[in-house]
Amino acid sequence: MQFSKMHGLGNDFMVIDGVTQNVYLTEEVIRKLADRHRGVGFDQLLLVEPPYDPELDFHYRIFNADGSEVAQCGNGARCFARFVTLKGLTNKQDIHVSTAKGKMVLTLKDEEKVRVNMGEPIWEPAQVPFTANKFEKNYILRTDLQTVLCGVVSMGNPHCVLQVEDINLTPVNELGPLLENHERFPERANIGFMQVVNRNHIKLRVFERGAGETQACGSGACGAVAVGIMQGVLDNNVQVDLPGGSLQIEWEGVGHPLYMTGDATHIYDGFIKL
């Protein structure tokens, strides 16, 4: 099976063309491939499939390192767009794809940057999904470590966002798993720790569902900015600094799609026998 290794700000992916080759992946196979010592190693595996709708170009599937399938990955979307172009699967500048929970438009800006229309943030608790009687800008969550105030949103996957004073002093790897698996998130959640520098600039660390802390999380950056705007602490165009690099997020507010712009880097091509 042929594949490419790619990354978006250090969030790394194994990308597989399921259009021109037959691909059958089980959770066990994905876990073996994800092993950084005995396999390829990655945060997520991205699978390019033919479209289910003639008006779309591709279907986009995402698998975490633990083998679980998820509906969204923003950094992966940028790498997906770069991959299908590099492999000659399309020559379009605007690439229309479906995911498990919706549709996206991926736009190639230059040799490195890709702009992604992430769709509208979803706030209704039942659709996140999150257990709450109604939408609120802030929720209180209690864990064995501490009680936190957070915002909750879906960008096609569930995000819980906490505002912190200093991300370097925050116990991300202790608090992250407790919130990821909190009983109020029936499908678990990605946990964002956001430090507001000013109204147009944040620093962010993300503990990803099924992957742990990663160098960057595109949908996490989108979720953090959306929560910050809803809570009134951020403006509509925000630079997000993650451990692996920076993203630019734009959102005009409720009723509008959210846009993410950032790098997508091809590392190497490979072949592996399953």
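Every residue gets a Cβ built from N, Cα and C, even glycine.
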Substrate site partner of ASN11, GLN44, ASN64, GLY74, ASN75, ASN157, GLU208, ARG209, GLY218, SER219 (as recorded in Swiss-Prot), chosen from ASN190, ASN236, ASN237: ASN190
Cβ-Cβ distance under 8 Å to ASN11 (substrate binding site), same chain, at least six residues away: ASP43, GLN44, ASN75, GLY76, THR214, GLN215, ALA216, CYS217, GLY218, GLY244
Inter-residue C-alpha distance, SER219 (substrate binding site) and CYS73 (active site, proton donor) (nearest angstrom): 6
Neighbouring C-beta atoms (10 Å sphere around the C-beta of TYR268 (site 'Important for dimerization')): 8
Residue among the binding-site residues ASN64, ASN75, SER219 whose Cβ has the most other Cβ atoms within 10 Å: ASN75
CYS73 (active site, proton donor) and TYR268 (site 'Important for dimerization'), Cα-Cα, nearest whole angstrom: 21
ASN190 (substrate binding site) to CYS73 (active site, proton donor) - Cα separation in whole Å: 11
